[in-house]
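The structure appears right after this line, and notes come after that.
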């Protein structure tokens, strides 16, 4: 990694997260031995109808914080939400029981599941317990101070290691951090913020963003935020169709939002005014219908017919964009550029994914469809950082304050003032 990139990363970290206390700081200072540590993790994993965990990435990602606290001699409590339970009404399908089993396998020790834990938890140093689904507790979603104060009394140290919920102000992500004796960021949360800071703070140039998806409306704030920052803004999917309309091109019966053409044109003009660009496709892959068996036809953009649906970028466009990505210093990737679930409309996403993997620049990727594309094309080990954040990742790109991070910043400043 070039020294310039490291410097950019450090500069942004200092600016974006002033003095946020980290779990690693406490461990290096020997401050966890014998302490009660409450870790808010993100263990919200998918399950099949029988309750079997189908994908355990989030559980595996939570292990380093838990292991570090155990090794430091702490009594460890871990909680998470799972699904969308009704507060005050616990149902079997809301239980973290399968997660407790998987955690015990990964940690190599017993992980007891504790019900009705708000008023007290029995755990000894060197032990870890999993506290049942925190969203079952009344007041969790509304960030109740009463609930948060009860939870804060359970611990000496609160650790937020759940970047995926950092955009939500809830009792276990925000309220408890106000009242716990010490509040800090865990290694997963810290790594997410470092990676995002590296990509957007003082990034190595050129900075290229890929923002794709079906609708401009859902990502308009992100597009406008990035238009101020990036050198190239690559758009894909239905979003690209709206930008093609803004550029005066025909898109047939493709998915687009005619009412947002003005916004798209404003973004194109804003980028052009500062010497940046929104590359408009020169060729596209069309079909007459949206289906897994639809025949794919490559066309120049000027040849799109009235009954065509654009379902991918064409090979010339993909090659041009791949060259830009390979030459970039920093890449932010959110969304596939075509309907990659159907192989005949997946070439654009595949070519860009391989270009990102081949780039010597720093890359960060996030969003469910993006992660699925990374898995499909086997490039996970060649992406600089893969965000587990989902909604939090998108809100960071929008330039929004993440409540769970903001409270850690405030606590760090208070803790420093008292030191």
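In case you wondered, yes, glycine gets a Cβ from its N, Cα and C as well.
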Per Swiss-Prot, 219, 367, 368, 369, 370 bind ATP; matching candidate in 192, 341: 341
Swiss-Prot substrate site partner of 42, 43, 44, 58, 81, 82, 83, 84, 135, selected from 168, 205, 274: 168
Minimum Cα separation from residue 42 (substrate binding site), reported as the residue among binding-site residues 219, 341, 367, 370 that achieves it: 367
Closest of 44, 81, 83, 135 to residue 370 (ATP binding site), Cα positions, binding-site residues only: 44
Length of the line joining the Cα atoms of residue 367 (ATP binding site) and residue 44 (substrate binding site), in Å: 15
Shortest C-alpha distance to residue 81 (substrate binding site) - which of the binding-site residues 219, 341, 368, 369: 368
